[in-house]
Ligand code: NAD
């Protein structure tokens, strides 16, 4: 596969492949843009069918991180890494340390965080060999950014319903959540407490039952959840769920979820707009996780984190208003707004691209080595 000619390649600054013979590690790190700071983003472990699929994923995800961090006014660039392998079968502490060495070899241009297939324990293994790891703070959530992601999503959903429906809460509105895992479950709780009627589906019978028992979520079949008649659809499971086949069948006026890369292609943003569906760009509305990770590194107080998360409302409203005025899709407007922020900083280059030190706990671990 030719990297530079691939449609997922977008002037990425760095794409590097890592292999460790002893542990069998095969991994790719991509850093998309470091104008605002080092490329921070999750380390995903997934049994990709081939190297091309892994490469495309890391290229797309790292680009999304650039936009996400820029929109969230974070001093961070966009990066991501993928480990090719099945997290249930192929993961070991030694493999994660080998990944840590690979991350370390980039000298801080990339800083790893948690993602699908990796957890805080894995990041701690990585942090035993490199300070360029984040999201492992010893806070009340054990470093898990999901509560902040769910809260940011909730803030965004309230802004979207205010904009579209002219109401100031989700009380009495129907919300369909695809995926009741870390984020989906917590989102369901926030919505329930706000008075919303919550429908949910999950391929995991355990997760579905838990949400039904503890929160009163109304179970829906996994094949039907996207097409439920609802006010809001919240995809919180997988990427690429909005495409040429699914969009014509949607029956929700607003789409706002945590999953990364919900649109299968950029054309799908226009498809949603043409159907009159208000799409909240995923990289804007799910920024709570990276905001949380950033504040873990700074050791910020909870009130500061909440104040930063509240900014998701302002950003989203700006995007929705610009989109209304220009007729462009919300996705295109959000990307343009992110690029404006990056370009403004490029004109004042002091500070961009500096490797940031890892969070205090990681620094202590590195110092102790
Ligand atoms: P998770 O793995 O805890 O939850 C995902 C849930 O979706 C699981 O319960 C899984 O069983 C379910 N699921 C998988 N396939 C499904 C399907 N076809 N239909 C219905 N349910 C299905 O993940 P999470 O941390 O809750 O994250 C959810 C999404 O949000 C992911 O795409 C993730 O990349 C993204 N995201 C998460 C965070 C975060 O802070 N956790 C931040 C930003 C983005």
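Cβ coordinates come from backbone N, Cα and C, glycine included.
Per TrEMBL, the features are as follows:
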- 80: active site, proton donor/acceptor (ACT_SITE)
- 179, 180, 181, 182, 183, 184: NAD(+) binding site (BINDING)
- 326-369: region 'Disordered' (REGION)
- 338-351: compositional bias 'Basic and acidic residues' (COMPBIAS)
- 360-369: compositional bias 'Basic and acidic residues' (COMPBIAS)
Which of the three DSSP-derived classes (helix, strand, coil) applies to the residue listed as 'active site, proton donor/acceptor'?
strand
Rounded inter-Cα distance in Å - residue 183 (NAD(+) binding site), the residue listed as 'active site, proton donor/acceptor':
20
What residues, ordered by sequence, lie under 8 A Cβ-to-Cβ from the residue listed as 'active site, proton donor/acceptor' and sit at least six positions away in the same chain?
29, 30, 39, 41, 42, 43, 44, 58, 61, 62, 65, 115
When DSSP is mapped onto helix/strand/coil, what comes out for residue 181 (NAD(+) binding site)?
coil
Cβ within 8 Å of the NAD(+) site's Cβ centroid: which residues qualify beyond 179, 180, 181, 182, 183, 184?
146, 177, 185, 186, 187, 202, 207, 236, 237, 258
Run through the Cβ atoms and count how many others sit within 10 Å of the one on residue 180 (NAD(+) binding site).
28
Close in space, distant in sequence - residue 181 (NAD(+) binding site), Cβ under 8 Å, 6 or more apart:
202, 204, 207, 236, 237
